[in-house]
Amino acid sequence: MKILGIETSCDDTAVSVYDSEEGLLSNVVSSQIKMHEEWGGVYPDLAAREHTKNIIPVLDRALKEASVNIKDIDGIAVTVAPGLIVSLVIGISVAKTLSWIYRKPLIPVHHIEAHIFASFITEKIDYPFIALVVSGGHTELYLIKGFEDYRYLGGTLDDAVGEAYDKVARMLGLGYPGGPVIDRLSKEGEDTVKLPRPLINDRGKNRFNFSFSGLKTAVLREIQKGVYRKEDIARSFQEAATDVLLAKTIDAMKEFNIKNVVIAGGVSANSRLREKFKEAEENHGIKAYFPPLYLCTDNGAMVAFTGYKRFKESGTTVDYSFEGKARLRMDKFVEIIRKSSVSS
């Protein structure tokens with residue numbers, strides 16, 4: 001079975017072909033990072049224009065690299081939520097058009113769900129597991145009991161961790177995106193700046209929730225004092241942020257007696273986060289799964305693979321009236337597509 005995956009939820013135009021027997025046949029991504037650098041973040045209208053310009057060339061290249069004719073594709077998977085609506089509609093429109101012209105099933109995929117199952121492309125992972133989702137727009141914990149069996153545990157109350165990285169990098173004059181540059185700079189610094197770990201010991205209603213706005217504000221105050229080097233501030237911020245991510249995840253694993261954890265999203269590429277979870281494998285007797293670096297950021301491969309799993313395991317497809325959603329939690333998404341499925 002061959003599935004085409006289309007991803008345009010933010011600022012990356014990505015298309016991939018996944019074959020159930022041969023694996024990934026292609027994975028083409030057109031990045032817009034350079035375009036958005038001057039804005040210090042993603043500018044929605046610019047992202048939409050670039051998607052419109054890039055989507056057909058990226059699609060053609062993905063099919064060419066896979067040595068596949070569109071007529072031989074068995075299904076069209078596309079990210080439908082969450083994301084920038086002006087970006088989502090580009091990919092959804094192309095997916096609907098291909099589905100209609102070539103009479104192929106239209107398979108809806110949730111962006112966060114795709115990030116989580118990206119690790120399944122290269123690893124065999126047993127259920128149940130805890131999923132820690134860390135990206136520019138999301139910081140969430142889920143209990144995953146099976147495919148489409150998702151329980152939301154908690155999320156950020158303000159900034160996502162990737163957003164905090166971007167803002168701290170901007171404060172330090174390091175440019176965009178902030179995650180990679182802070183990760184690199186922190187290797188040259190020392191953890192000498194005393195910074196808070198928000199909600200790290202909370203056992204009440206915010207036990208599995210996150211908050212990074214206070215940490216961000218504390219960093220700003222230290223920068224304004226002018227006492228510490230940029231390298232030390234970057235290192236101390238990274239230590240604080242990753243401490244919280246690790247502690248909350250381990251707490252969830254203990255609460256539900258889970259031994260496996262999947263770390264997903266763009267921030268899963270962070271070297272210190274990987275180091276800390278590696279240490280936790282020995283200290284807590286857990287197994288941590290990270291996607292390979294090329295599958296950490298947005299890509300079509302994760303969409304194609306997740307679309308394959310949906311088509312194979314639940315057969316859920318939608319008709320052309322299905323629309324993208326800017327905000328939609330992963331567990332709620334499953335409820336919606338089941339009600340909307342044309343094959344249920």
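Glycine is treated like the rest: Cβ placed from N, Cα and C.
Annotated features in Swiss-Prot:
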- HIS111, HIS115, ASP298: Fe cation binding site (BINDING)
- VAL133, VAL134, SER135, GLY136, GLY137, ASP166, GLY179, ASP183, ASN270: substrate binding site (BINDING)
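In the three-state DSSP classification, ASN270 (substrate binding site) falls within coil. Around the Cβ of VAL133 (substrate binding site), the same chain contributes ILE112, HIS115, ILE116, THR139, GLU140, LEU141, TYR142, ALA264, GLY265, each under 8 angstroms and 6 or more positions distant in sequence. Within the same chain, residues at least 6 positions away in sequence whose Cβ sits under 8 Å from that of GLY137 (substrate binding site) are CYS10, PRO82, GLY83, ALA160, GLY162, GLU163.
Sorted by the number of other CB atoms within 10 A, the binding-site residues HIS111, HIS115 start with HIS111, the lowest. ASP298 (Fe cation binding site) falls outside any helix or strand according to DSSP and counts as coil. Annotation note: VAL133 (substrate binding site) sits in a strand segment as assigned by DSSP. As a whole number, the greatest separation of Cα atoms within the substrate-binding residue list VAL133, VAL134, SER135, GLY136, GLY137, ASP166, GLY179, ASP183, ASN270 is 18 Å. Within the set of binding-site residues SER135, GLY179, ASN270, the entry lying nearest in space to ASP298 (Fe cation binding site) is SER135 (CA atoms). Within 8 Å of the centroid of the Cβ atoms of HIS111, HIS115, ASP298, where the record puts Fe cation, the same chain has further Cβ atoms from GLU7, SER9, CYS10, THR79, ILE112, ALA114, SER135, GLY265, ASN299, MET302, VAL303. Taking all protein chains in view, 26 other C-beta atoms sit within 10 angstroms of the C-beta of ASN270 (substrate binding site). The Cβ of GLY179 (substrate binding site) has GLY136, GLY162, TYR165, ASP166, ALA169, GLY266, VAL267, ALA269, ASN270 as same-chain neighbours under 8 Å, each 6 or more residues away in sequence. The distance from the Cα of SER135 (substrate binding site) to the Cα of HIS111 (Fe cation binding site) comes to 11 Å.
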